[in-house]
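Below you'll find the structure, written out as structure tokens, and then a few comments.
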Amino acid sequence: MTENNDIKMVIITGMSGAGKTVALQSFEDLGYFCVDNLPPMLLPKFIELMADSKGKMNKVALGIDLRGREFFEHLWGALDDLSERTWIIPHILFLDAKDSTLVTRYKETRRSHPLAPTGLPLKGIEAERDLLTDMKARANIVLDTSDLKPKELREKIVHLFSTETEQAFRVNVMSFGFKYGIPIDADLVFDVRFLPNPYYIPHMKPLTGLDEEVSSYVLKFNETHKFLEKLTDLITFMLPHYKREGKSQLVIAIGCTGGQHRSVTLTEYLGKHLKPEYSVHVSHRDVEKRKGH
């Protein structure tokens, strides 16, 4: 392994109810390969798989909790082994919270503590805290989540573990055809079927909004300009608020009948408009289908 192939590994552990699920989701948003509840005895084998991935798994987050408590002796050995591998950059993130906070969270979710499935949550919390003493001592980072909302925990993790590029709010702008269905991952959907349709001009029928003749045709109409003015104003207003609420990306879908002409033209326009301020990815889901409107 060379420096360029170094693997960044984060082991997420801590008190049950302290936010490990939110933490794993946050790392997933940052592009980490995430595994929850990996038995420590499998960690050496997992490391071998990472080494063989040829850079495809260069950021990994592993969630370990008390469902694997009988394997803690294996964990200590695996952690010692990690320290000897110079091409792995290991971090242990320990999530903690006050006993009273954890009790409240268990009551709110009506779940049993894993160490007190039939008893009081506090008994399980006390036993777990004792069991995790050594793990907490070995942690690189300890986060107290007692006063953190899920969004605030995510923001802390993003701040601690992401690069400047990874912190960028990503905007995906895509065109689609309603005849093929609305994209299931779309956050915002705009219907532009009210605009004049180049499909009915014979020589434009086989073209798409990526062709200058089609885009010029769509953009020449007054209603197109008015719509784009209102659309860009709306999106420009909304994006900072979505970012503030903790979203890592926003998918904006613009649809026409077949996803060939109007939606493609406007998607290209919106993408270019947003790129100076945001990390933007433009895609055209149905542009290759060319099945007609």
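Any Cβ shown, glycine's included, is placed from N, Cα and C.
Swiss-Prot has this to say about the protein:
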BINDING   G14, M15, S16, G17, A18, G19, K20, T21  ATP binding site
BINDING   D65, L66, R67, G68  GTP binding site
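What Swiss-Prot annotates, mapped onto the structure for a quick look.
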{"residue": "G14", "record": "ATP binding site", "Cβ neighbours (10 Å)": "27"}
{"residue": "M15", "record": "ATP binding site", "Cβ neighbours (10 Å)": "24"}
{"residue": "S16", "record": "ATP binding site", "Cβ neighbours (10 Å)": "22"}
{"residue": "G17", "record": "ATP binding site", "Cβ neighbours (10 Å)": "25"}
{"residue": "A18", "record": "ATP binding site", "Cβ neighbours (10 Å)": "25"}
{"residue": "G19", "record": "ATP binding site", "Cβ neighbours (10 Å)": "25"}
{"residue": "K20", "record": "ATP binding site", "Cβ neighbours (10 Å)": "21"}
{"residue": "T21", "record": "ATP binding site", "Cβ neighbours (10 Å)": "14"}
